[in-house]
Structure formats: structure tokens, C-alpha cells
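Colleague: Pasting the relevant annotations from TrEMBL:
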- B:9-220: domain 'Tr-type G' (DOMAIN)
- B:449, B:450, B:451, B:452, B:453, B:454, B:455, B:456: ATP binding site (BINDING)
- B:523: active site, phosphoserine intermediate (ACT_SITE)
């Protein structure tokens, strides 16, 4: 195969087709961010033009106006079967969580609501291993219990592209076709394929969004990267983590403390 | 600062394995620092935290901190860390050293192009390290760099290093691994990781990163024979589009291909794409969609090769496997064998030997425990299409599924011949074609219970009812079969087992032919019924016809109980011989309390649920 991007694309298509073959009620999460746009693009390649299952936007009502405009336009252009139910209100989340995390918890509730409402047995999500340390431990096919919990201590083995697709009743499966991709891979692929993204990713007045979430809990970074080529160049030299602008990632207690608390020396 | 990397150089995946205390996390933490791959300020932050906690800073904290930011685990699972050397980027897969997390080690190591095997310079090879090394060889990770760590504890002595290096190389040679390099280093002190060390003046060989830079990325296996396992079949109007990934070899438009295990042939009419130009050829690693010039019956699991170089077919294969489940594997166990996209019901025919990873000899045990490596013979119910690992490392391997989990992996050594079960000839009609015509699948409804419980009555009435509803159905009655097929057998334990085996084999033939076979047989022993289930495979339904000895003796249609109670019938089930009731039957029919028609309703529902053809998902892509 000619390139690294071709290899990643081919692997992701393989995963999407496995999911479609093994599960009868699939849904794909569409956060409207760069990664999930790539994922939809890959699904269109896998299924020869049309995404054959619903895509779901867990809508908090708090996205940027540019993000909503993007959703309206590309739902039509890409002929997507969109589910955009409103997430349950913040009052229903755990009040002991920090405020940014409570907003994120609304999305967990929204997903739970969708699982009940539409009886999905497989949910395709665009997470990547390089984004965040816990995500590095994920499997491509990752079982969730009744409550949606992830028991990362007892994950089945996964190797040679033989995914666990057979699960006891009451579990649903998260499928992660982008797990192997890195942030810069995503941008190179967007560049190569000409995949549209929300314009907030590109710098205006010295600021841009590197990771896109809700208004108010997502902060832009200092950057002059106004084109995809600029962004790729920026990523090759930066040492700042991708999700530095995500409030909820950084309001938890000291990570080293938590390590100690769990019995580490 | 790490150097700028040229456009889109893929990171080379490297797994770090070895015993839990031999310094893997320290090695990775220090390597990240030495290669300038840590985020700005990370080191100061961790050192500050250590000061506040009044503990000495350890390099392993780097790894732990990277893993822990959003959870509270220890190194339970594989984690991926990105770093760069002067030559190229790497993705480092840290695999846990704990024995109980071997399944995670396998998960991590299987995707690596090369491995760093960390060995404590003082303690040498531990059993866990040997086990990891053995698994590397089975996983096909052939490029190994040995890091002899903690050289500071040896006072940097060359003689001590040579002794450890020799022992490690000797062991690796025994499992077919020739290390790229055996490197002395100290992860904690940072010696010989990236830069040469003044503490090791006698060392002329590479540093760790220099050794890693010698690794060659795994080539795409385009030069092996074509293997295209079908992943799914999509419909676009009348057209059938086969999708899947070419595992090895190349495929061109116009190529004649043969699908195994059916042996059907057709030519490739063309490739299908959503966007961009449509290729006229594709090679290993590519996910493709294609159409054939002939409307063959092809489904998921069939594997296309070029005629003359297609896969072997057989129902018995000798494999070398690693077992990852908590419960051991033993002869007679039922498993699902997955080869590529194909899935076969199978039974462990024989455990040839469990391998002692320390001596590479045989342990002498017959059970394969979690973490063990063993040579095993697997027997499938239908014919499998396969390659040997020696011929094709990608399609000559597979996994075993038990319960709901992938529980082991294996490489295929070859066909295991000399069995009556070898199926050299594939059927000319596919089961799915029969199912489509009949409107249901074949299967076996196995009625077990005491004499007089109502098995024969129900079996015959159920056959009538199903027949009238349009089913292909037949009844195999234990008493009737003893006049013919089993006429040479008596009632000893061995003869009873053989009787049940023959009935099961006969029932399986009916099931294979597309018929629902209702078996009516006392079959008092659990082990015999389990054996029958193993013979029949997926379409086996055990039904307990439940009536107590008292109830049956009260009915006594053949006068047998009276004679048994009088001592005239030794070995009579329920009176002078035990009946082992099923522990988890697929259905229980309580004939003492339910009227006949209700019993038949229960049975009919079981048959419909078990063998009625499922409606395939409607409107695939249309």
C-alpha cells in the first residue's frame, strides 16, 4: 500500500464493515468535530456512498453557532439520517462533579437516553488512543454494561483483527474505528480528501480551537495556523496536549494524588 | 527538541515486554525524557509532586502519570506512548508484566512490529520473561531487542552482562528468535538509552535507540498467494458486491478466483468505490469492494484465492495455541474457531502437549490453563478453509472464542490427518441454500428423560404437527434404532455411550441435510449428552422430558418398571441405574403436570425459535 494514510483508512473501513456485519442496530456518534467528520467520510467509503445507519449528535444546545450551521448543511449534503435529541438538563447530573464535568455528564445521559430510546446494540465513536491517557487503553470493540460502564480492568483480549463481537444480553458495544489515528493523521487525511470542518479550527486574531466542544467550556489556543497546512506544521512541533483547552479534563484533583490513593507506592 | 519528521512517516509500533519488576516503566519514562518526547514542564511538575510527597522521584512516575490522568489504575492494560528518535517516530506499547494480565500483553504485542524484551541484569530470565518471549514468537513478532537493564547494580561489569546476554540468547534461539541486539543499559541512570555511556567503556555495540532504528517495518505481504476473505455481501439492486480486505497477494480485474471452502469459481468483474478513480488492481492490506461475473453463492467467511493456489480444506487441524481464559481448556471442550472472517463450531479433539516455557519440554498435564502454550488438535463440524502458518503468517492463524470472549489464539501447523472426520470433499450445495429453500435450518432436538416420561409419544406427535406445518422433520427413536444401526450393542456403559454416539452422528446427518431430527433417547448420562452436543454442534437443543420415577412407574406402558422393581432388570435407568438430569437444558417439558397439547406447544416454540430462519437485515444498502 502506498501510504500510512491509506493503511489507516483501510483498517478503519475494515472495522466499520465488521461492525455493520456483526450488529443489527448500529448508531454513529457525530460530535461535529474533525474526527467524527473523518469517521463519516470513512463510513461513506466503506458503504459506497451512503451511511447505512443513523448518526447521532448529543445536543446540549450549547454548541457554537458555526457548529450548528455545519450540522444543518452537511446533514443534507451527506444525506445523513440524523438523530439530534436534546440531552437531559444539567440538574439530572451528579451535583458533586465539577461544573465542566457536569456539562460533559449531560452527554453521557444523552447517550444513555438514546440507547434506551433506539435500542442500539453498537455505538460507533471517533475516539483516538493519542488523545488522552485512558483512551490509550481502549479496545476497538469495547463492551459496556447495562449502565454504560467501562470495566477497563477486565477487558477481553483483542488481537489479529479478531474483535469481540459476541456479547451477553444487556451489554452494548462501543466501536472505535479511529483508535489508531493520531491528531496529525486526522489533519493530513482531511487535507488529502478535502473533508469539510467547522471553521473554528482555523486561527482568527491569533486564536483557534484545537479541540472543539461546547461554548464556555472549550477555550481556544494561541495560534496563527489559518490553513490545514499551518495546523499540520504546528502539530509537528507542539508539545502541548490536544485537549488542553477542554476545561473538564483539568479540573479534577491532582493525578499523582489519585495514583497514590489507589494503592500505588 | 525533536527533529522535524518528514511527511507522514508512520510510527513504528514497538512493544516493551518482560517481568513486572525488571524496569519496563522506568525504561519508557527515561526513554521519553532522553528523546525529548515529554510535554513541556511535565518533568518539573512530577519532580515537584515527588518533593511535596517527600518521596524520591522515580522515572516510572512519568508513565504512571501519563496513564493516570483520567483514571485510577495501575499498569493494567496496554498503553500507547508516542516518541521520536532521530530516524523516525515510534509508538511504544507498554504491556503489563503481571501474569494475570497476559491477555492485555497479547493485545499490545500482537500489533507491534518489534519488541524490547527487558531483562534484569542481576536476576536474568524470569519465567514470566520466558513466557512473554514465547508469546512473541507465536504472535509473529520476530524482531526483538533485548535490554539488559540495571547494569548499575552489576557495577557495569562486562562479564556479568555477557553471562546474562548468553543465557537470554540461548533461550531465544530455542524458540526461533534471533535478537537484533542485546544491549546493556541502566534505565534509571539513563545510560546507553540514546547516548553512549562512560560507565560502559567496553561496549562497542548500539545504544537502545540505535538498535531500535535497525528494525525494519513489516512489509505488506503482497508477494504471498492471494487471500481475500469475504467480510460481507452488499446488495445494490440486483448486484451483489463482495467486501473485505485483501490479506495477502494481489487481485486484478479479470482474475479467475476460487472461493474456499466451497470450491466455486468466478472472475472479478470490477472494483467498486464511492469516490475517486476505480482501481483495476488491489493488493495486501487494502479494503475493497468488488463484483463477480457470475452470481455465485458467496457469503462471509469464504476466502478467495487463485485457482491452483487456494486454501486447504479439512476439519481437523493441528495448532500451537496460547490460552488466555481463566478456565482451562481440555479435550472435548466446545469452542468457536475463527479463521479470518469465518467462524466454525469446533471441539478440542486432543491436547497433544502443554509446553513448559522454562525448559521448552512438556509439562505432562492434559489441561491447558490460562497463560499456557500448548499443541492441540481442533476438529470442526464443517470443513474449514485454512493455510499453515509456515505458508502464510496472516491467514495461517486464528482465535478461539468460548463463552462470549476471545479466549485464545493459535497458529496452524497443518492438517491433522488419519481421522474419520476429515472432509476432503466440499458439498456442492451450501447449507444456506438448503435453508432458503426449506424456510428453516436443520437441527437436532434431543429429548432425554426416564423410560415412560413421554419421549416417544411427544416425538411422534411433534413430528406430525411440524410436518403438517411444512417442516422437513424426522424422528430417531432409541428403541427403533437398536433394531438396525445399533443392533450390535448391549446395555453396558461402553455400549450405551457408543449407542448415543451413533445416534448423534446419524442425527447430525439429518441436520446437515436440512431436516429437523427429533431424537428420543433416555441418554441418562450428562457426559454422553455433552458428547452428542459436541458432535452435532450449533443446532443442538437439549430437551428434558421431566417426569419422576414414581410418575413413570405409575404409567409403566411396557411393564418395565414392574420388572425392574422385582429385580429382573439390572441397570434399569431410574431404578437400578442413575439418571443424571440435565443441569441447563434448552427446554424442560413437565409431562406430569402439563397436558399433551401444551407440551407440544412448548416443543414447537423451541423448534421455531431454534431452527426458523432468521430474517436477514432488510434493505442492506438500498
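Backbone N, Cα and C atoms are what each Cβ position is placed from, and that goes for glycine too.
On a predicted model such as this, the values are computed, not experimentally measured, just so you know.
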Colleague: So if I measure Cβ to Cβ from residue B:455 (ATP binding site) and keep only same-chain residues at least 6 apart in sequence, which ones fall under 8 Å?
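Modeller: In sequence order, the residues whose Cβ lies under 8 Å from that of residue B:455 (ATP binding site) (at least 6 apart) are B:447, B:448, B:449, B:520, B:521, B:522, B:545.
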Colleague: Have a look around residue B:454 (ATP binding site) and count the other CB atoms within 10 A of its CB, chains all included.
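Modeller: I count 26 other Cβ atoms within 10 Å of it.
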Colleague: Would you report the average pLDDT that the model assigns to the domain 'Tr-type G' (B:9-220)?
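Modeller: Taking every residue of the domain 'Tr-type G' (B:9-220) together, the mean pLDDT is 82.
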Colleague: State the Cα to Cα distance, in Å, between residue B:450 (ATP binding site) and the residue listed as 'active site, phosphoserine intermediate', rounded to an integer.
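Modeller: Per the Cα atoms, residue B:450 (ATP binding site) and the residue listed as 'active site, phosphoserine intermediate' stand 9 Å apart.
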Colleague: Please identify which of B:451, B:456, B:523 has the densest Cβ environment, defined as other Cβ atoms within 10 Å, among these recorded positions.
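Modeller: Highest number of other Cβ atoms within 10 Å: B:523.
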Colleague: Using the recorded ATP site (B:449, B:450, B:451, B:452, B:453, B:454, B:455, B:456) as reference, state which further residues of the same chain have their Cβ within 8 Å of the centre of those residues' Cβ atoms, listed in sequence order.
Modeller: B:522, B:545, B:547, B:552, B:591
Colleague: Looking only at C-alpha atoms, tell me how far residue B:453 (ATP binding site) is from residue B:523 (active site, phosphoserine intermediate), rounded to the nearest Å.
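Modeller: Here the two Cα atoms are 13 Å apart.
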Colleague: Within 10 Å of the Cβ of residue B:453 (ATP binding site), how many other Cβ atoms can be counted across all chains shown?
Modeller: 27
Colleague: Looking only at B:449, B:452, which of these binding-site residues has the biggest number of Cβ atoms within 10 Å around its Cβ?
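Modeller: Ranked by Cβ atoms within 10 Å, first place goes to B:449.
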Colleague: Could you state the CA-to-CA distance between residue B:456 (ATP binding site) and the residue listed as 'active site, phosphoserine intermediate' to the nearest Å?
Modeller: 13
Colleague: Taking DSSP three-state, what's residue B:456 (ATP binding site) in: helix, strand or coil?
Modeller: helix
Colleague: Of the binding-site residues B:451, B:452, B:454, which one sits closest to residue B:523 (active site, phosphoserine intermediate) when you measure Cα to Cα?
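Modeller: Considering only the listed binding-site residues, the nearest one is B:451.
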